[in-house]
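These notes concern the structure reproduced below.
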Amino acid sequence: MSLSETFGAKARRQLLGSIPVTVGLVILGALVAASVLAQVIAPYNPKRATGGINEPPSLAHLFGTTGQGQDVLSQFLYGGQNTLWVAFSIAVLTTLLALVVALTAAYFRGWVDDVLTLVTNVFLVIPGLPLVVVLAAFLPPGPLTMIMVLTITGWAFGARLFRSQALSLREREFIAAAEDVGESRWRIVAIELLPNMGSVVAAYFVNQVIFAITAQASLEFLGLGDGGQITWGSMLFWAQNSSALIRGAWWTFVVPGMAIALTAFSLALINNAVDEIGNPRLRADRLLRRAGVRKPSATLMTPVKRDA
Amino acid sequence: MYYIAKRLAFYVLAAFVAITVNFFLPRLTPGDPASTIVATYSTSLNAESLAALKAAYGLTDEPLLQQYLTYLGNVLRGDFGRSLSNFPAPVMAVIGAGFGWSILLGLTSVLLSFVLGSVLGAIAAWRRGGWFDKLTPPVLLFLGSFPYFFLALLLFYVFCFKLGWFPMGNAYSSVNPPALNLAGVGDILMHLIAPAFTIVLVSLGPWTLNMRNAMIGVLSEDYLTLAEAKGLQPRRVLLSHAVRTALLPNITALGAAVGAVFSGQLLTEIVFTYPGLGYSLMRAVSAVDYPLMQALFLIITLSVLAANFFVDTLYVLLDPRVRTGGEA
């Protein structure tokens, strides 16, 4: 299910034409391209000491060097690679898991639905970070542990979202029609329900990438990542551990931190704009203005006319 | 009352799940971490504590069910064993010291960001399409994209290290917590501002955007048209008719946010070396102190559950529809 099918050609033009989306796509594209091409464009080996300790940005080291003398730019590029594929995997897995739980609940209904909803709610209410810390502490550090732990703890909100979406879709006429025609329940779930949830699933997936990047960095910052692997989170961990703050080496934490923040920001921009276009109430304003309707009062949307 | 009882039963169940996970985790994870832990500490502990440690991780001949019941009894009595990194201090003593500071920081920042966010959202919806409404969402979205600990690092660097406006970490200047007189409270406040500001900035976005969108939804309701048609001042319509209704979804979100904000707060505490639970958690992780880590997980979870229950109760008081038995 692509965006175009969900929103139609007109909305798509609106989407691509809006400034936030363009900004988001450009930032995201640049970060992804830089990470993918790390092997080609990185000036140094990210693990070797190639300069002095905590050197400020210069021509030789555009983003400076770390407390261990490594090149921050090269670490940023390789770190992006390691960070993004893990985050992407987590987003794919949590979205799939949430879909399976939600559609199973919607398909079987009755007690299966009750049990799955209860499990979902329990997972939702238990705070994420402490649970993730305990889980990660008992498993060997590395990307696989990271993916597993964050998938186990990250799917619940999606399951609730998709389930309520599926339940409201189930009330529509076309589902009743499909039932009357005698389609099997699995067919209804797969052919009728699932495609109509496309936009919600897409928005959730984008949010999950943000969640995964931030959660991954948090765990690594706590020291629960694989210390030997370069990621944006482990760069922050080493910066904190080599007291970069009180040595004034701001480049060692600003670069990976901004990389995380910009990735999350660009994704959030895209998501927000999609939401604005999909939500008719938020859109009504702009359409009214384009139609030349001046609002009677700046404050209220009511049709009550006041004397100016 | 039925609604509250139902919620309470749910939270008790959630607490039970958390406690059970905590019990089975060291016993069921692959690679037998329990033996590794015990082996690590076998040289540094005396025989008695080693036996206690073995019991805590199920390296005894007792049947699993028996171990589980003993464990449940211990948890109910608040006995979480001894901390390995602060041996022989009981885990609860280590946690107790940080608990108050975390509650202080958490309550301050969650309430501040909730109030501030709701006000900003209401203003944005009120002046919809104005410069404030255009500027606020992207700025907050940008701030909300910062991981808590990164914004904490930035603010620490600028305000505590470079400018020296706020103290560099800890919750008070003296070695021991100060007396609660004017100077002491002032000292505590000075140490509180920077970490609280960090949490407020990162968590402000959702409150504002939710409030704005809820307000926009409410503003097109018929009863507001009626309120304005009968001649009420716009200010009155907004404050006593629109804002009150639009606040409800934000209050529902308050419960869910407590958990997320608390997770972020733990990391913020680490950066500011604020002596709360987050700081204990980091020390537990770096010292591989499993009993402390697990007890922290339980205590934080139970606190968040309690906060959620409190918000649910609050919601019943605010929304008459729930009181009469409808679904929330």
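Using N, Cα and C of the backbone, Cβ positions are placed for all residues, glycine too.
Nonlocal intrachain contacts for the transmembrane segment (B:7-25), taken as residues 6+ away from its ends with a CB within less than 8 angstroms of a stretch CB, comprise 67-68, 71-72, 75, 294, 297-298, 301-302, 305-306, 308-309, 312. Per TrEMBL, transmembrane segment is recorded for B:7-25 (among others).
The transmembrane segment annotation in TrEMBL covers B:99-126 (among others).
Sequence annotations record features per position, and here TrEMBL assigns domain 'ABC transmembrane type-1' to B:99-311.
Summarising the annotation, TrEMBL assigns transmembrane segment to B:138-168 (among others). Only residues 6 or more beyond the boundaries of the transmembrane segment (B:138-168), in the same chain, are considered here, and those with a CB under 8 A from a CB of the stretch are 190-191, 193-195, 197-199, 201-206, 208-209, 264-265, 267-268, 270-272.
Here TrEMBL flags B:188-209 (among others) as transmembrane segment.
What TrEMBL lists as transmembrane segment is B:246-272 (among others).
Summarising the annotation, TrEMBL assigns transmembrane segment to B:292-318 (among others). Within the chain carrying the transmembrane segment (B:292-318), a Cβ under 8 angstroms from the stretch's Cβ atoms is held by residues 3-4, 7-8, 11, 14-15, 18-19, 22, 25-26, 75, 80-81, 83-86, 91-92, 94-95, 99, 103, 247-248, 251-252, 254-256, 258-259, 262, 266, 277, 280-281, 283-285, 328, all 6 or more beyond its ends.
Remote same-chain partners of the transmembrane segment (B:99-126), defined as residues 6 or more beyond its termini with a Cβ less than 8 Å from a stretch Cβ, comprise 132-133, 136-137, 171, 188, 192, 195-196, 199-200, 203-216, 219, 238, 242-243, 246-247, 250, 254, 257-258, 261-262, 265, 268-269, 274-278, 299, 303. Away from its own ends, the transmembrane segment (B:246-272) comes close to residues 102, 105-106, 109-110, 113-114, 117-118, 121-122, 125, 147-149, 152-153, 156, 160, 169, 194-195, 198-199, 202-203, 206-207, 210-211, 214-215, 217-218, 278-279, 281-282, 300, 303-304, 307-308, 311-312, 314-315, 318-319, 328 of its chain (Cβ-Cβ under 8 Å, at least six residues beyond either end).
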